[in-house]
Structure formats: structure tokens, C-alpha cells
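J.: Dropping a structure here in C-alpha cells format, bear with me for questions.
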């Protein structure tokens, strides 16, 4: 059995900052995540990709951001329960008890759920499934592995354009294909790629891949036109992910689709259960890493008052510490 003041469910950026902030408030904290390493989707999907919208960093690699967050929390010795899924939520004497995979229990004063979008599965590129692992990938753990290759990126969101700008200096060629004329990606991200020697093909789909054991080419068909065969070594299918809340969906939390509804204190409908980061929903919600950091601090501060009603909601600035 484990016992802490705050149990953080999810070791992505918001969860790691929640761990720091709990320590800053003098609270003991445990971080639970089903993945074997901290960092959530950043570590799992794009550790080498540059992130441009974190305050104070013009650009920072995903793995470096995660390393900095872990280092920031380290002085407070958070307990990491990685490779461990939080399966159940119950209460004992009014306090939350998390049932962990494997049968262990984590007793705590409050829970802060920072599980991102839950567990995630890449949306498949139908014509490419037989090449998974031999030329079709859904994220790029090591961009250097694609040095000198002809790379085809499929998708129109931020991930597709981020991979295009990351891989362009390394690859022999980069082609980005999107089935629509308009993109979901941020306008600045699109403009950055258009300024690079990246071929962008719109209103088009990948209709066939060529190759024996590995991909050697791809047929691209523009709407109303003929197919064009491109030489391709690697296809990056950046088509987004389907999310699954997993056991969280059975905890009795109020949901808005796959998100947890919270109030201005980041409290959910369950006693002593708060949430922060991409998993939350409220009017005007914007899903950014930067937003998640503020929500994590709000959740922890309000949880601290629940644990000790005599405590101040605002503990002071970290710069006041000597």
C-alpha cells in the first residue's frame, strides 16, 4: 500500500508540473502512468520534435522539455509509479483510494487527473497497413534515422507540418499530402513549411504503396486527376489519434465526450478529484501545454485547501523562497 497527499494520474507535462507544484506546497506526491517513462505523448510519439509554444522557449525538443520538468520536480522527491495503470477509484473514510493494476492500492488526500486525452491509437492509413514497421510509421522517435530518405507525410494537422519542417533538413525529399485544400494546422506552422523546399499536395490521397518487403514508392491521386508515382522510403501517417479514457470512464466522472468536465477550481464532480491538461473541458477551453501548466497549479492549490482548510489557496511566489 502507498499513501501520499496528492496522487497525480498521468505523467505528461501537466502531470509533471503538478508533481512539482505539490512538492512546492510541501505535499507528498505520487505520479501514476501506464507508460514506462515520464512525458506522456511527448515521450511516446515525438521526443525529438521541436515544440514552439511553451513560454520562455523559442523552441525546445520534446525530450528536453520532459527532462526539465522531471528535474524541476526532483528536489521534492515525487514517487513515480510508471508502467502502472490506475484501474479503480474508491473512497475510505472520505479519502480517495486508487486501485492500481497488479492489485496495489494508493491512498491519498486528493487526486489530480492529468491523463492527456487518455490512451491513444494512431488512425491507420488503409493502404499502408501491410508495411507497418517496414516503411510506414505513425510518429518519428529518431528523425536522424530518416536522413537521406525520400519521405512522404500524410495529414493536414500540426503534427504533419511539424514533421515536415523537422525532417526537411535531413531527408533527400519531403512531400506532404492532404486530402483537403484547407489544413487543420496552425497558420504559422503551415507558413513555415511553405517557406521550405517541401512539396505540398492538396486535394489528394495516397491510393497505393509499392514495394516487396519495404516501401519503395507511393501512388498519389489528386481529386479528378491521374495517379502519380513517387519514390518513397518512409511514409509518416500523421492522421491523428483516437483516444480512449480506459478505466477513467468507469469512475463516475462527469464527461463531455472524452473529456472531464471541471469548474474554475479544476474540480470534477467527484469529491477530492481534480483534473488538469488536455483531458479537461470547460467553456473556452484551449488545449495547449502552456494552458495545462496553469491548470495543474490551480488544481494542486485547490486540492491543498481541501486537504487543509486552514491553508492559503495562494502559497506565494516561488521567487519568494530563499
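Yeah, the Cβs are placed from backbone N, Cα and C, and that goes for glycine too.
According to Swiss-Prot, the protein carries these features:
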BINDING   33, 41, 46, 86, 120, 278, 319  FAD binding site
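So where do these features actually land, and what's packed around them?
T.: Taken residue by residue with DSSP, residue 278 (FAD binding site) is part of neither helix nor strand, so it is coil. Take the CB of residue 278 (FAD binding site) and look out to 10 A: across all protein chains shown you find 25 other CB atoms.
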J.: According to DSSP, collapsed to three classes, what secondary structure does residue 86 (FAD binding site) have?
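T.: Going by the DSSP assignment, residue 86 (FAD binding site) falls within a strand, counted as strand.
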J.: Which of the three DSSP states, helix, strand or coil, fits residue 33 (FAD binding site)?
T.: strand
